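The annotation domain 'Phorbol-ester/DAG-type' is assigned in TrEMBL to 11-65, 183-234, 290-337, 346-396.
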Amino acid sequence: MELQHFSHKHPLVFIEKQNHESEKAYCSGCGELVSGSSFRCVECRYYLDKLCAEAPSEINHPFHCNHSLKLQVSPPFRNICDFCDKGLDKFVYHCSCDLNLHIKCALLSKSIAEKGFGKLDDIPHKEALVSIENFSEELKGAKCFACWQRLLDFAYLDLGHGIFLHKKCVDLPTEINHFLHSQHSLILQFNSKPLPCQMCKKTQLKGFVYRCSPCEVALHITCAELPTKINHLCHRNHPLFLKFDPESLPCQICQNTQDEGLVYCCSICTFKLHVDCASPPPIIKGEIHEHPFTLFWKQLPFICDACGTTGNFASYTCYKCSLTIHGNCISLPPIIKFPRHRHPLSHTFILGQYEMKTLICEACPEKVNAQHGVYCCSDCNYVVHADCAQEYSWFSFYELEDMDEDLNEKSAFAVIKVSKLGEDIVIASEIKHLNHQHNLVLSNDSEGHKVSTMLLLVQC
């Protein structure tokens, strides 16, 4: 049997099964090793496996209902697949609205959309994982290709080639009605044209969303699944309802306010929870500590062992080490570069092990409580509150090399030149600062900007 395929100038001959004793052959459509039935060009060793050779030149995809997708030999512009987020260099299903899919990603996702999980019985699913300690780094950082949330939070499917889907996302309805957009139904679609979610106001660049194309309205999968009414352990007196918050009250858990988006509110009390705070992840692993932290709801305030400040309701606990911390503090970096000290500062939960001579924060400066976590340099007897260190987070992840030895260990700058103002006043007219590669010169030109009397205006 011969096939004249649009991708190749010579006819292709059907081969029932690739001979493993011969040289390995790779499919020119998907790039995978040919193992089953295939088509081959006898003149120039061009191979297509049976699936790629017989793939239709044009498909209508349920996850992209506005236009059809056309099969092309190579991607026209973008080189990233909108399903698996991996590079494209072989056959691609392309739409003029800039949607591009690997040939097998397009056919697999189309099959899922049309048949659902019930027709994918040959793909085993893994149960939800309680702990992430014993799994590879790939799985720890992997995300579901539909909702783009952490893979290990729910039971999931391994579709091969590094493609993972939550089982619940495979079973998602392809069409929903939602109270935020009652005019039309929302259709589950590839996120080919990223739009801000109507609920959280954030823009998701990958995965799937529920979309109304005529109105350009989008909802993230996780946002669309949010219940409109919940009973919460933090407020047992009344139920909480999902709604927009015109008063911008602080969340009872994180104590922060948000300018837009929905929150869970009590219609009787002035009680509000951010959506993320209302249902935090049950287990979080961070670099600040060797063990994972488990969510524990407290009815009373607690003191965070990582930063020493008060927290409400939602705490995370390491039961092995008896540590209780804020959820946000789990993401604190274990080592930072503080702009007022030449050495890196390390986070520690036990300051007493270093026998520090002083317990005064070098940033605020207030007394440091040795019972809670801080950042310190044990070599220099240098201590900074964790909260004070976070104010310099823009500087925290850069290791400065070749630091000028003239810089004082407790100063962010070194004086290069001085100038006199009258008989008794001497000021620094040129300095070298840790935050900039060039020397900074004192200037009296504020260019119309107001400058604090406590600051010197300098220019490079």
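Heads up, the Cβ atoms here are built off N, Cα and C, so glycines get one too.
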Subject >> For the domain 'Phorbol-ester/DAG-type' (346-396), the number of residues DSSP places in helix, strand and coil >> reply: 12 helix, 13 strand, 26 coil
Original post:
Under the DSSP assignment, what numbers of helix, strand and coil residues are found in the domain 'Phorbol-ester/DAG-type' (183-234)?
Top reply: 4 helix, 24 strand, 24 coil
Original post:
Mind checking how the domain 'Phorbol-ester/DAG-type' (11-65) divides into helix, strand and coil residues in DSSP?
Top reply: 4 helix, 20 strand, 31 coil
Subject >> For the domain 'Phorbol-ester/DAG-type' (183-234), the mean pLDDT of the predicted model >> reply: 86
